[in-house]
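Engineer: Heads up, here are the entries from TrEMBL:
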SIGNAL    1-28  signal peptide
TRANSMEM  74-97  transmembrane segment
TRANSMEM  109-130  transmembrane segment
TRANSMEM  150-171  transmembrane segment
TRANSMEM  241-263  transmembrane segment
DOMAIN    303-338  domain 'EF-hand'
DOMAIN    343-378  domain 'EF-hand'
TRANSMEM  425-444  transmembrane segment
TRANSMEM  464-486  transmembrane segment
TRANSMEM  498-523  transmembrane segment
TRANSMEM  529-546  transmembrane segment
TRANSMEM  553-575  transmembrane segment
């Protein structure tokens, strides 16, 4: 479901607009073939408008320039100014964001062919971490050993920044947008948010499986400890051996995590259960339309209460003015759900959970109206491109939920021919994957160079630039998807959201760290990242212990997560620039 939401999201048009404004802010020089400068060109060639993004030239003027920049691949633009580098960082960052989107789209298409067991457990986690892994790789792959040693700090900044961003800013924001009223037992009531920003009266609740994902995330920091062990003992003996052991441990944990996902796909099963529940919802809405009870939404998109109440009285067979489990069960049996296999009693339980806010095991008329309004609001969010709120709106929502269900059904035992146009589906998926991987491979190195040059131009350490900026480029798609999903204010959606956050951190701490350690080992670079490793361990251990043994999180817990972000920056600054750790 989260993947389906991600696929429907369109690129934010403000991003290219801001990039264009920054492009205007950058200065440039007149490109000539050695011709004498004209009066108009002398203005552009003046010292005040020194070149920001330039192409290589053999002219004497260029050779005499006090500062030079090296073009990536020999033809991409380069710059030595702040605004020019900012423009390049944003441009290449946006391209990496699009690459992540293409990789996600391709992997989702493969779900229709291969099923979630293999694709969801093995391929999707690796593809999700691919942009970060490639950026880490190129940060220390090119140039001399000295250049690699100076640029590899960018890879460490991205590695630490992604982990800290996911567990602090994104985690805290998901708590805020997903908060509901909390009972005395600490359990959040689905879709009920009447206490505002009460630090103890509102919050979220996840299931116990989500805490298992948090424990796996906490275990994933073991390779960091192994690599840092000689530094902890304040000895240089055995440093390369420690890096090698940490490298082996990293990729071993990647393999173990993927196999666990394949053979114990409980996250995927929860997604499938949620997709089935949404399809039941859409079927009930479609049933109301087919019964000629009227349009469920008015022209302005507001719920039509008269039609909703008519539907209630039609379902209420005994005129008791409340709906029993038996009446809801009869409703579900009477609706054609296109032979989707699901437990009818479980569907009744979930509908009762959505509607029965009084807890008396029946659905009263006002509860039914309120629950239907919530369903319709969710339907509008999912198919808001349907235009006028006519019958087509409900039919589109029903088709979309069926599509979500089909993508998550385990087809591992089915033939490929069971999918309509399987050849085209495979070709399209491979095309998306190749396009995303190509963009990642092509623009990872220019992005690292741009960050390095921006650091030089602003005299800001490259670690802080990559720590703050790069995670926004590589994780923005997943972040927006997680926030939208958490805003549904249900235990099921919050559980899926936080499980994916913990899964992303696990891949950062295993796959991306493994790539980084391989660079350090095979290029014989120096492992000198004590403060950076400390903040990763600090955040992962605190949030890991905090989330591994509880399932309820009051609103005040978001403050803990938010405060950890500036704390990590302060720790690195103090340890590196005050105490000289690195």
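The backbone N, Cα and C atoms fix where each Cβ goes, and this holds for glycine too.
Note that this is a predicted model, so its numbers are computed, not measured.
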Engineer: Please tell me whether the transmembrane segment (464-486) and the transmembrane segment (241-263) touch - that is, whether there are at least 3 C-beta pairs under 8 Å between them, with each pair 6 or more apart in sequence.
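Structural biologist: Since fewer than 3 Cβ pairs under 8 Å link them, the transmembrane segment (464-486) and the transmembrane segment (241-263) do not come into contact.
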Engineer: Between the stretches 150-171, 425-444, 553-575, which wins on the count of C-beta pairs under 8 angstroms to the transmembrane segment (74-97)?
Structural biologist: 425-444
Engineer: List the helix, strand and coil residue totals of the domain 'EF-hand' (303-338) as derived from DSSP.
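Structural biologist: Helix, strand, coil within the domain 'EF-hand' (303-338): 21 helix, 3 strand, 12 coil.
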Engineer: Would you mind listing the long-range same-chain contacts of the transmembrane segment (529-546), meaning Cβ under 8 Å and 6+ residues beyond its ends?
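Structural biologist: Apart from its flanks, the transmembrane segment (529-546) reaches 153, 156-157, 159-160, 163-164, 167-168, 171, 214-215, 217-218, 220-221, 224-225, 227-228, 231, 463, 505, 509, 557, 560-561, 564, 567-568, 571-572, 575-576, 581-582.
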Engineer: In the predicted model, what is the mean pLDDT computed over the domain 'EF-hand' (303-338)?
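Structural biologist: Mean pLDDT across the domain 'EF-hand' (303-338) comes out at 78.
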